[in-house]
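The structure appears right after this line, and notes come after that.
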Protein chains: 2
Amino acid sequence: MTVSRSICFGFLAVITVGTILLMMPFSTSSGMWNNPIVALFTATSAVCVTGLAVEDTGTYFSFWGQLFLLMLVQIGGLGYMTANTFLLLLLGRRFSLKDKIAIQQSLDRPGIHGSTQILRSIIALTAVMEITGILVLLPIFNADYGFNQGLWLAVFHSINSWNNAGFSLFPDSYIRYQFYLPLVIPVSALIILGGIGYPVIFEMYLWMRDRLLKKPYRTVFSLNFKVATSTTLALLVIGTIAFLFIELRNPETFGTVNFGNQLVLAWFQSVTTRTAGFNSIDIGQMTTAGLFLTIALMFIGASPGGTGGGIKTTTARVLANCTKAILQGKEDVEMYQRQVPISLILKAIGVVVGSTVTVILATILMSVTDPSVNFIKIFFEVVSAFATVGLSTGITASVSASGKLILIVTMFVGRVGILLLMAALLGDPRPRAIRYPEENLLVG
Amino acid sequence: MTVSRSICFGFLAVITVGTILLMMPFSTSSGMWNNPIVALFTATSAVCVTGLAVEDTGTYFSFWGQLFLLMLVQIGGLGYMTANTFLLLLLGRRFSLKDKIAIQQSLDRPGIHGSTQILRSIIALTAVMEITGILVLLPIFNADYGFNQGLWLAVFHSINSWNNAGFSLFPDSYIRYQFYLPLVIPVSALIILGGIGYPVIFEMYLWMRDRLLKKPYRTVFSLNFKVATSTTLALLVIGTIAFLFIELRNPETFGTVNFGNQLVLAWFQSVTTRTAGFNSIDIGQMTTAGLFLTIALMFIGASPGGTGGGIKTTTARVLANCTKAILQGKEDVEMYQRQVPISLILKAIGVVVGSTVTVILATILMSVTDPSVNFIKIFFEVVSAFATVGLSTGITASVSASGKLILIVTMFVGRVGILLLMAALLGDPRPRAIRYPEENLLVG
Ligand SMILES: [K+]
Ligand SMILES: [K+]
């Protein structure tokens, strides 16, 4: 499969170059050659926009090291968003004429010509978002750290927010700004928009343009738009309420502040599980229930065509609607007056089965290599790596070298494996030479 | 839905009667009225053939209490096996003419007349298996505990093994016989046969009969037979090897004995996750990796039409084959030269989604009600309750009353909810009034 192979090799090549750059003496603040495992881990974490770190980014790496890391994040995030969007187009082309028309309608341009347009449009969107982020963050960091350092902080954190990468130059991530709405709101917006994906933002843009120009026709939103926005919204709200309820009495996180501030903390914790990886509370101090909820939300993750990870909101929604259909005694799975094709259901199953097997294997292996670490911390770190979230209970820096290698592989599989599964049906469509008779079977 | 409602009410009625009986003073060895939560927990655990216990069965309950418990196990196990088998028949009738023919071929009888036959056949099978178990176990327990107590021990443990219920009159379950093959082998056989289900055993019986009578035609095994046997075998072998590998250096479980004995322990640990719930090692002393592997194996559980729980081997296999299909770029899911119908795929998704949501909710709730308990022990106990396994790290007796209530609900949902999901498509098949156009969507 050409598509899969180029995706795989592309990621590997960027990680290799990144590792070499981060190993150089000018990349570390100590001026010494970097530890190869630290370099490999950081490069993988950056290219997969995970944000897990074995060393404190702000003090361990020199300015050059931080710049390389930021470039790797940018390449990783942009590459994933682009690959993901093109796969949607290719899938559309292969599967459904109707869908193809819908996409081309929204792009106003037919055929292959659209691809260059889309690439340009994605780059433009990224630039607009990141520059807006820099302009909003600059005054805050300028006031606290002066212009030079403030600018670098704004650039670094804006790019990391839009790409859902989660590296921070502050050792405590955003805990120092945990109640400061002028930072919490724009960072949340960048994370959510980056995670909801290019196709959704593009449709939103078209809708707004048409409304402003008072076009006579009504915009038809795609199924992807409806599912991604409604599921993201639902997860954000449910997450906020659940975190509030669970952590309400934990003095180490929410317990000692007033209700308004608790709401801000719960909201940001809910947002960051859309695989951003920044944190405004100490994750290591959360209750067990809070950690487990975070694990579940991280596993679902962001929406396709964006920079976030996880099995994706749409995947979860397809499976939820399958369940709903079976409970209602229907054999057709529907979503917003659309029939869900069987190929999509199979793909959703493939993504979840592949993800579950990867997480279970990585968790068991890490429990073997690091037997003294508390189980939920291992489970948390594995899901965080797999869904390219980057939240950490603090064990990543201290686990054994084997444990770190397991996390490296998990991050790579979580990012590239999911793309490959998406691309799976793009290969030569096999002719259905044999069609076997159906036979029933008990399940459950 | 008549079928679902009668299943649900049937289980509730038996649990209610059981709770009342177990509350009576003559049911406890102290001769006092029983604690209602203990009675409710034990009755639910018995009817759902789970085997989780809040008190030591052998000392806390009087002979009468133990007898009631055994009767509840027998009713629960037989009821589940029968309901499950009839659902397979009904499903066969509704969905597939071919399947209907296959089932009727194997029963040699058409139409409704088959039902009474099947019920009789299930009862006969249960009697044969349990009596065989008693006869094999009696000499062992007779030698160690005398005839009277030995007979009761043999009856109690044989019925609990065949029904995959896992209650033991020994406080340490089978640890005292952990290397004793004359006990380990027949108990393993009862557990595996009880868990593999009536339809499989019946087909096995027909095949043997035909071979003995030298019938000219070749028996055609059903898809259910092939999937249940091959998946069960694969899980048993993989489980044994994995437990051996993981627990090899743990002095509290396998570490200090020779390789032959390690193999026996690993084998029994693998067998018991087919939801029997007996244990021959101290579960609370297993490594984290071993506990997590046990959780994964318990969640998959046994085969349909048997006494075991979990999402079932066939469900796991349907989803695995969906994943295989999508990786091979196919849109048809095949199994042993049979096409898997979409209704079956939806049902498998429904079972897994429902199970996962139940386990996650119960785990989060129990982490809130019992925050001081180690997370993996809560997760383990919840999955053990849900998949009606009955293995315990030892926390069930000590968790709060709310925690016990959560486990009670989890056991009930794990047993009845799965049956209801199976029965879901049996309701009035809704006419497909509207069929919406298909639209694609990105997943993963
Ligand atoms: K991230
Ligand atoms: K059991």
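Any Cβ shown, glycine's included, is placed from N, Cα and C.
Among the features that TrEMBL reports, transmembrane segment is placed at A:6-24 (among others).
Summarising the annotation, TrEMBL assigns transmembrane segment to A:66-91 (among others). Outside the transmembrane segment (A:66-91) by six or more residues, the chain places 3, 7, 10-11, 14, 18, 21-22, 27, 42-43, 46-49, 57-58, 103, 114-115, 118-119, 122-123, 126, 152, 155-156, 159-160, 162-165, 167, 169, 194, 197-199, 224, 304-307, 415, 419, 422-423, 425-426 with a CB less than 8 A from a CB of the stretch.
Sequence-distant neighbours of the transmembrane segment (A:118-141) (same chain, 6+ residues past either end, Cβ-Cβ under 8 Å): 77-78, 81-82, 85-86, 89, 107, 149-151, 153-155, 157-159, 161-162, 177, 180, 182-183, 186-187, 190, 193-194, 198, 201-202. Marked as transmembrane segment by TrEMBL: A:118-141 (among others).
Under the heading transmembrane segment, TrEMBL lists A:179-202 (among others).
Under the heading transmembrane segment, TrEMBL lists A:223-246 (among others).
Taken from TrEMBL, the feature transmembrane segment covers A:344-366 (among others).
Long-range contacts of the transmembrane segment (A:378-399) within its own chain (CB-CB distance under 8 A, at least 6 residues past either end) are made by residues 45, 48-55, 164-167, 272-273, 275-279, 283-284, 286, 291, 294-295, 298-299, 301, 308-311, 355, 358-359, 362-363, 366-367, 369-370, 406-407, 410-411, 413-415. Residues or ranges marked as transmembrane segment by TrEMBL: A:378-399 (among others).
The transmembrane segment annotation in TrEMBL covers A:405-426 (among others).
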Item to check | Tertiary contacts of the transmembrane segment (A:6-24), as residues 6+ beyond its ends and Cβ separation under 8 Å | outcome: 33-34, 36, 38-40, 42-44, 46-48, 61, 64-65, 68-69, 72, 75-76, 79, 83, 412, 415-416, 419-420, 423
Checklist entry - What same-chain residues lie close to the transmembrane segment (A:223-246): Cβ under 8 Å, and 6 or more beyond its ends? => result 88, 192, 195-197, 199-200, 203-204, 254, 262-263, 265-267, 269-271, 273-274, 287, 289-290, 293, 297, 300, 302-305, 313-314, 316-317, 335-336, 338
